[in-house]
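Taken from TrEMBL, the feature domain 'Peptidase S26' covers 18-213. Sequence annotations record features per position, and here TrEMBL assigns active site to 41, 101.
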């Protein structure tokens, strides 16, 4: 029988204690990362208090894929994000901040909002009214729900107060190469590419929103995102 000497015993304990932490870092960096949703800019797809699981290998591994804020300039297993997907990205003016939005425009697209209607390359994006839903946290007000269909056929629900709010009349945006145009599903309550977010470089997109595991005020809430 081999007995561990005190130093080896301590080293062994340290290795055992470190193993779960190391495994957690590997999982979070390369497989799946949890995010807490702090606001309703993506309502109703994502809600304030959601615990979101994001797929880390959906778009390959880039400089912002790591556990820490930024890694080496590499690009492994690259897979380009697509219009309509809900993605996690680093805020271009301050990459220490994470954002979650839906991809609306790809490189070369011309995007504008006129009288509350979204246009992509001068073609109005179809939407079909679904009804109304209460404003989160407000028992008196309501939002109008629409089923929006993006080019390519992907559909999702958006909400708005009206067609005459901040962000409902914009200039035309020409999406540059290697960049994307993002919008929140809560169209009148979202800081996105219409405002300070601007165009998002592809390298800043590092995870795909996949599954809502629970919500801090509605524990039974769970659903697939994309």
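One is the number of the first residue shown, and numbering goes on along the chain from there.
The backbone N, Cα and C atoms fix where each Cβ goes, and this holds for glycine too.
Note on the domain 'Peptidase S26' (18-213): mean pLDDT across this stretch is 91. Residue 101 (active site) carries a strand DSSP state (E or B).
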